[in-house]
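Noted in TrEMBL for the protein shown:
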- B:12-34: transmembrane segment (TRANSMEM)
- B:95-179: domain 'PDZ' (DOMAIN)
- B:186-388: domain 'ABC transmembrane type-1' (DOMAIN)
- B:190-212: transmembrane segment (TRANSMEM)
- B:224-248: transmembrane segment (TRANSMEM)
- B:255-273: transmembrane segment (TRANSMEM)
- B:302-322: transmembrane segment (TRANSMEM)
- B:367-387: transmembrane segment (TRANSMEM)
Amino acid sequence: MDKKIKFDAKNLDLFYGDFQALKSINLNIYEKEVTAFIGPSGCGKSTFLRCLNRMNDLIESVRINGEILFDGQDINGDIDVINLRTRVGMVFQKPNPFPMSIYENIAYGPKCQGLKDKTKLDTIVQESLTKAALWEEVKNRLNKSALGLSGGQQQRLCIARTIAMQPEVILMDEPTSALDPIATAKIEDLMFKLKKDYTIIIVTHSMQQAGRISDKTAFFLMGEVVEFNETPLIFTNPADKRTEDYITGRFG
Amino acid sequence: MGRKVKDTLAKGIIYLATGITLSVLLFIVGFIFVKGIGLVNWKFLTRDYNETVSYVFVQAAEVPMSIDADNLKKENPYDARYESLIDGPIYIKSIGAAIAKVQYRNNYTEKEQFVIAYIEKNSPLLNAKDSTGKNVDIKTDDIIKRINGINLKNLTLQEAAAQIDNESGELKIKVVQPGGGVKSNIITTLYMVLLSLVIAIPLGIFGAIYLTEYAKPGKFVNTIRFAAECLSGIPSIIFGLFGMAFFVVALKFQISLLSGSLTVAIILLPVIIRSTEEALKTVPTSFREGSLALGATKLQTIFKVVLPCAVPGIATAVLLSIGRVVGESAALLLTAGTVAQIPGTFLSPGSTLTVQAYYVAKEEGNIELACAIGIVIIVIVIVLNVLSRFASDKLDVFNKK
Ligand SMILES: Nc1ncnc2c1ncn2[C@@H]1O[C@H](COP(=O)(O)OP(=O)(O)O)[C@@H](O)[C@H]1O
Ligand SMILES: [Mg+2]
């Protein structure tokens with residue numbers, strides 16, 4: 001495979017105060033693939049994901065060693081965080097639409113970048129919702145509050161909101177863990193479609209989900225990446241004993 | 001068995017306590033209402049507290065009466081609180097109005113007076129001007145004292161009417177517009193509420209934003225919070241003394257609307273900061289993260305997402321604040337004064353309803369009037385409460401599904 005490397009983590013350590021949550025992570029994320037992070041809870045998947053758009057900046061006690069290159073540039077160095085976050089979008093575990101109208105939710109990001117043109121905004125809203133497979137369901141209620149949507153719709157709205165920024169990467173932290181199976185299936189379908197245009201990194205609790213949607217899988221354990229490989233290989237022929245134990249359900 | 005008895009006992013105590021609280025409340029409100037309601041009427045609400053004496057100039061005319069005599073008898077503009085009709089009314093063509101003789105009593109005196117009982121639609125009185133040419137609004141129930149320098153004091157109603165009818169050309173009339181109302185106090189109160197909120201709310205909100213969103217948690221923030229808490233516990237007379245020394249004297253704002261509202265704004269600040277802080281803290285982190293993850297700046301996140309979510313909490317703060325301003329007396333007594341007038345500028349004094357209630361009860365011993373003012377205060381507080389609750393419901397972003 002000669003796909004381009006989007007993210008390149010090199011010897012990344014992360015501390016919450018004295019507690020080391022990530023230990024010397026080395027990981028390549030390739031462009032226009034779905035990369036899944038699996039592992040027992042508390043092993044540092046979310047923490048690592050949040051390093052990729054510098055979301056950990058919000059937490060006072062965090063300290064980071066090592067580097068993460070994004071298109072070859074160290075994101076912990078002298079870069080514009082706002083710009084990074086417009087290029088690396090994020091969808092959270094619990095759907096978190098803002099308490100505004102559906103339209104305003106989608107237009108929020110572009111507006112924050114200073115876009116005021118109503119027709120451009122209209123186009124962005126429609127395109128993003130269409131890409132997120134939500135347009136048909138909400139086109140008649142764009143001015144209604146986003147809080148009136150179902151959980152699954154809210155999560156697709158959050159994906160649409162992220163797409164509206166035309167990011168290069170979409171980070172997803174257990175995006176379906178708060179949803180029912182039908183809504184989950186819809187989101188998985190969506191990810192399949194999105195992978196053509198975006199690099200997707202997804203944290204998931206469900207190994208079936210990782211198996212279904214991802215191209216590569218990284219297995220995290222206690223702050224380390226135990227194994228990182230093509231998804232089919234991880235699931236059929238894991239190199240590490242601990243990976244095998246985890247995917248066969250012997251622990252975690 | 002023992003448990004059942006205990007339960008019943010506890011229940012009894014709860015009911016009793018509730019009952020006592022409720023009846024005390026009802027008793028107080030009832031007392032105020034019974035004492036004061038007799039004085040509350042439209043005139044009470046729309047008149048100044050002090051009577052105004054003015055000389056007006058009127059062009060005498062020949063205006064026939066358009067209603068018949070029986071209907072004239074039925075006109076009843078007299079303020080039952082102060083007046084009882086003795087004689088009349090009699091219609092006078094030259095001024096196009098009818099006058100009547102009444103027994104008039106105010107706080108100090110009891111006198112017979114001539115009052116205007118009825119004014120024709122095209123009466124020259126309606127074009128009355130003062131010596132500077134400004135229009136003077138003559139109303140029924142105004143007292144007529146003199147006409148062209150002739151005192152009407154010892155005349156009978158017929159003599160007075162004849163006297164007025166005899167004059168021609170430009171008439172110079174001494175008119176006394178009765179007081180006893182709280183219009184100026186109502187307006188001063190509303191000014192005071194508005195001005196102190198305009199000062200305190202932005203300051204409080206920005207302070208709260210700083211404390212919750214910007215300041216690093218630690219000693220400094222805790223000190224500020226502790227200071228705010230202490231401030232809210234200090235009796236308002238202390239703020240009044242400070243306001244008097246600082247705003248009134250040092251900054252030379254005089255005893256005025258401005259000094260008063262600045263002082264009250266300081267009293268309000270801790271309450272607004274505290275409740276806004278609480279409101280900001282209840283806004284879920286997920287909204288902040290969601291916004292930042294979309295490439296919004298911190299400031300955009302605060303103003304576009306966090307603050308709108310906190311509106312109901314801030315509205316509660318505003319609500320509490322309104323109550324504080326309307327209820328404040330000690331601090332305002334020292335900084336805004338006891339002059340019952342509509343403050344013409346920020347630097348003129350004016351007494352709010354509460355101060356006025358204090359003033360008439362203490363200085364004039366007029367408990368009924370104080371209670372009547374009390375009723376107005378209660379109604380204003382209720383109305384403002386309902387209004388801000390309504391506004392906060394309308395603004396609540398979580399309400400609109
Ligand atoms: N804000 C924080 N402060 C301190 N420790 C944290 C914080 N967030 C996470 N941790 C710790 O870091 C470890 C990794 O957490 P996380 O990345 O959320 O795990 P995962 O997403 O894999 O379940 C856990 O032990 C957790 O307790
Ligand atoms: Mg997690």
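In case you wondered, yes, glycine gets a Cβ from its N, Cα and C as well.
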Just to confirm my parser: what is the rounded mean pLDDT across the domain 'PDZ' (B:95-179)?
84
Hey, which bits of the same chain come close to the transmembrane segment (B:255-273), Cβ under 8 Å, at least six residues off its ends?
188, 191-192, 195-197, 199-201, 203-205, 207-208, 211, 228-229, 231-232, 236, 239-240, 242-244, 247-248, 314, 317-318, 320-321, 324-325, 328, 331-332, 334-337, 343, 345-350, 352
Could you give the residue numbers and ranges of same-chain residues that sit at least 6 residues beyond the transmembrane segment (B:12-34) on either side and whose C-beta is under 8 angstroms from one of its C-beta atoms?
371, 374-375, 378
Beyond the flanks of the transmembrane segment (B:302-322) by at least 6 residues, Cβ under 8 Å:
193, 196-197, 200-201, 204-205, 209, 213, 268, 271-272, 274-276, 278-280, 282-283, 287-288, 290-291, 296, 381, 384-385, 388-389, 391-392, 395-398
On the DSSP side of things, how many residues of the domain 'PDZ' (B:95-179) fall into helix, strand and coil, could you say?
14 helix, 36 strand, 35 coil
